[in-house]
Amino acid sequence: MQSNSSMRTPLARVRGLGSAKSGTGHFWLQRVTAVANVVLTVIFLGVVISLFGKPYPAAMATLSHPLVAILMLLFVVSGAVHMRIGMQVVIEDYIHGEGLKIAAVMANTFFAIAIGAACVFAVLKLSFGG
Amino acid sequence: MAEVKQAARPLSPHLQIYRWSWTMAMSIAHRVTGCALYAGTVLIAAWLVAAASGPAAFETAQAIAGSILGRLVLFGYSFALLHHMVGGLRHFVWDMGYGYEPETRMNMAKYSVVVSGGLTLLVWILAYALR
């Protein structure tokens, strides 16, 4: 227990979020998505291998299969979250100017969401037969 | 608090000072492959969007991916993906509190190259065999 002279409220101490207001959230989410990505990456590679050299109709039949589509969606979303956190760590390591750092972290978020949205849209369109 | 004034004092040694070791190389490789995969997601997104756009766009994407340069990029991407995955498994071991002994660290670093290289070859052999 901290000394009684601490300026922190008991609630702040319990939340454990610190001044960055996020605590160990990123650390833990990076591990959770990493575990998911191990499984999903193997599945993704399997899907890509099975599509290698296939003509359009056969490739579409595979990609639009519900099971494949769901696993592709999970891979894309888990991957986008993981890469966003990972790149933010790299940015915070190497970019020291406060303004540029905030801009880079924000651009990183936009990139991850844009990539995720494009992939999700494409997989859904294939599945729903657009 | 935001901007700390830079004092004219010696900096701590950086990459060019240290002797290269396997653990250092694999730590750097983990970050480099992560950044490469980050850029590579553009290609995955482009490929999926092309597939969703119709036969013509998909054939174009397949032709680019199937060219010599395309296959080189794909090979590099698959190696980066598997190397980053194996590197991540190494981090899981450390997260659970194991593998900190010098010899274990060195072996895990060395074998991460062997395992990820082997898995990459396996993926490509399977891809060509099942075509």
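Every residue gets a Cβ built from N, Cα and C, even glycine.
Note that TrEMBL annotation is computational and uncurated.
TrEMBL lists B:28-51 (among others) with the feature transmembrane segment. Long-range contacts of the transmembrane segment (B:28-51) within the same chain: residues 57-58, 60-61, 65, 73, 76-77, 80-81, 83-84, 87-88, 91, each at least 6 residues beyond the stretch ends and with a Cβ under 8 Å from a Cβ of the stretch.
The transmembrane segment feature in TrEMBL is assigned to B:63-86 (among others). Sequence-distant contacts of the transmembrane segment (B:63-86) (same chain, six or more residues past either end, CB-CB distance under 8 Å): 29-30, 33-34, 36-37, 40, 43, 47, 112-113, 115-117, 119-120, 123-124.
Using a 10 Å Cβ-Cβ cutoff, B:H84 (heme binding site) registers 26 neighbours. Among the features that TrEMBL reports, heme binding site is placed at B:H84.
TrEMBL lists B:111-130 (among others) with the feature transmembrane segment.
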**Fill in**
Per the Cβ filter (under 8 Å) with a sequence gap of at least 6 from its ends, the transmembrane segment (B:111-130) is approached by 26, 75, 78-79, 82-83, 85-87, 90
